[in-house]
Amino acid sequence: MDLILVGFMGSGKSTVGKLLAQKLDKEYFDLDELVVQRAGMSIQEIFEQSGEAGFRKIEQQCLRDTEHLSGILSTGGGTPIPENNQQILNKMGAPVVLLAASIETTLARITDSDGRPLVEQLGPSGLNKLFKQRQIAYSQVSDFQIHTDRLSPVEVTEQIMEQFQVVK
Ligand code: S3P
């Protein structure tokens, strides 16, 4: 991979990832989409049939499959949490960018979002807890972070390109 985006649900990974890929003329990979393709069912259905553990297994297989591809990869919000995944991400050698947002912005963005089983399962207080729990892993795995609360996806994309001095 050329660049990897990580961050909590609703941080804008997919939107920014697509924009970056377009601007840089690279291929775009969305780990959630790869999981859905591999499983032949939606994320919601995977959680229903095999639980979160089943989902994480497929997610890790798909992450490994991207190891030797080049392009921009948007991960899922939970991808950087398992230690094995952190090792896979490090091994890829691509810059890892954390898209960070406040809990308030995050909750506003993901409440009522379809297709995110954890949002339904956990509710606002559970999501708040998960958000806090994940911060250490997010910063450990990332090389650079951008606070997105007051930025549009285009501005976030431009900042990433500036940071890595890739101008197109
Ligand atoms: C998850 C985030 C989702 C998806 C799955 C689990 C998480 O991806 O991978 O529902 O554990 O935070 P997005 O961050 O793209 O919503």
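Positions of Cβ are set from backbone N, Cα and C atoms, glycine also.
Given the structure is predicted, the values throughout are model-derived calculations rather than measurements.
Applying an 8 A CB threshold to same-chain residues 6+ apart, the list for GLY12 (ATP binding site) reads LEU99, ALA101, THR148, PRO153, VAL156. Taken residue by residue with DSSP, GLY12 (ATP binding site) is part of neither helix nor strand, so it is coil. Annotated ATP binding site per TrEMBL: GLY10, SER11, GLY12, LYS13, SER14, THR15, ARG116, in sequence order.
All chains included, 18 other C-beta atoms sit within 10 angstroms of the C-beta of SER14 (ATP binding site). Taken from TrEMBL, the feature Mg(2+) binding site applies to SER14.
Residues annotated as substrate binding site in TrEMBL: ASP32, ARG56, GLY77, ARG134. Long-range Cβ neighbours of GLY77 (substrate binding site) (same chain, at least 6 residues apart, Cβ-Cβ under 8 Å): GLY7, PHE8, MET9, SER11, LEU118, ARG134.
Highest local Cβ density among the binding-site residues SER11, THR15 belongs to SER11, counted as other Cβ atoms within 10 Å over all protein chains shown.
Taking only the Cα positions, the spacing between ASP32 (substrate binding site) and GLY10 (ATP binding site) is 13 angstrom. Note on ARG56 (substrate binding site): other Cβ atoms within 10 Å of its Cβ, all shown chains, come to 20.
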